[in-house]
Amino acid sequence: MASRSLGGLGGSRGGGGGVKKSLSARNAAVERRNLITVCRFSVKTLIDRSCFETIDDSSPEFNNFAAILEQILSHRLKESSQSCRWLSHLQIPLQGQVTWFGYGSPRSFWDYIRVACRKVSQNCICSIENMEHVSSSRAKGRAWIRVALMEKHLSEYISTALRDFKTTRRFYEDGAIVLGEEANMLAGMLLGLNAIDFSFCLKGERLDGNLPAVIDYIPYLRFTQSSDSISSDEEELRTLGSSDSESSTPEKAGPPVIMDENSWFNKCKRVKQKYQLTLEQKGYLEELLQLRENQLSESVAQNKILLQRIEDSDLAHKLEKEQLEYIIVELQDQLKSYQSLDQLSAEVSLSQTSLDPGQSQEGDGKQDTLNLISEGKEDTPSLLGLCGSLTSVASYKSLTSLKSNDYLASPTTEMTSPGLTPS
């Protein structure tokens, strides 16, 4: 009997250990899921708030996000002396005081970040380590969160630290968020914060490492009443109303909506900010439209002026072309007249040499007639400047003498022939 009772006691102890282990696993899963979900909501509220105002230390959305991220990075962080030996093996100075029994001051996620993020190019680890007014490890971790957000490299830091799985295993226990599947979701969530311009002051009480970070869950809680609960509330309202008058029954009376005054004030403030932003955008667009209309009118006026100049230049070119064509025709006519006069003068000179003096007088008469004709022909005023070389006396004499020499060759032979000898 005693052995049986002892065996039953041992079995109950074994069953209790299994229940405790399953309960611990369930609690760890709930913690991870809660922190990741709240972190996602916090990032969304930060992005929404950044559309209306600058995010700084006074923003409640940022303070809540910083507390959530600190809780995530501190989830199941080891406190054993093995991590201390690992840090001393890497020749990394320990944060806080080290006693004969191990690590003195409480650990924080900064001890993990400064080891796992050493491979990030142009990291801020050394600058944060050298801060004079930031002494504790937790305060340096909070300063690192702010600097990484201002540098828009927080997602890069977290991704680099999570890829160093060996270092992560050294610092965190099983069931930690950074060791689970939620770690990849965390890096993706933080990537959206690169679009926000943060402005922080690293000298203040907000970096005090003595006070732990507390998450405010109220902004992310929303109660949705089920349909069964709504119907039961309606029945209860009907029952309460029937005490006054059994005939009066409310028609589908819904549950009363109770809104907090602060939530209404915040919504009104957001709507007002959106309205002001819309008005500013409208004014900017109206000014831009007016500027573009002025530029368009100026361009149209310049286009008209250029078209008028093109038409004037085309007309001037046409007139000049017609004038040049007329001058060419006049030059051709004068050239033909000069050629006919040269031919007549050559014939007259030939006839003078071949005929007797009486006939030469007739030739002189013909020459006088030709001279009178040439004198009677008036020069065109438009050709005086262009034909100066043709109207000069020297050129005219040289031209006539040249042509007369050409024509004198054949008549001399005719004069020596017997048929042309004078009787």
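Every residue, even glycine, has its Cβ placed from backbone N, Cα and C.
Between the stretches 1-20, 361-380, Swiss-Prot puts its region 'Disordered' entry on 1-20. Within the listed segments 48-96, 293-341, Swiss-Prot records coiled coil for the stretch 293-341. Across the domain 'RUN' (56-205), the DSSP tally of helix, strand and coil residues reads 85 helix, 7 strand, 58 coil.
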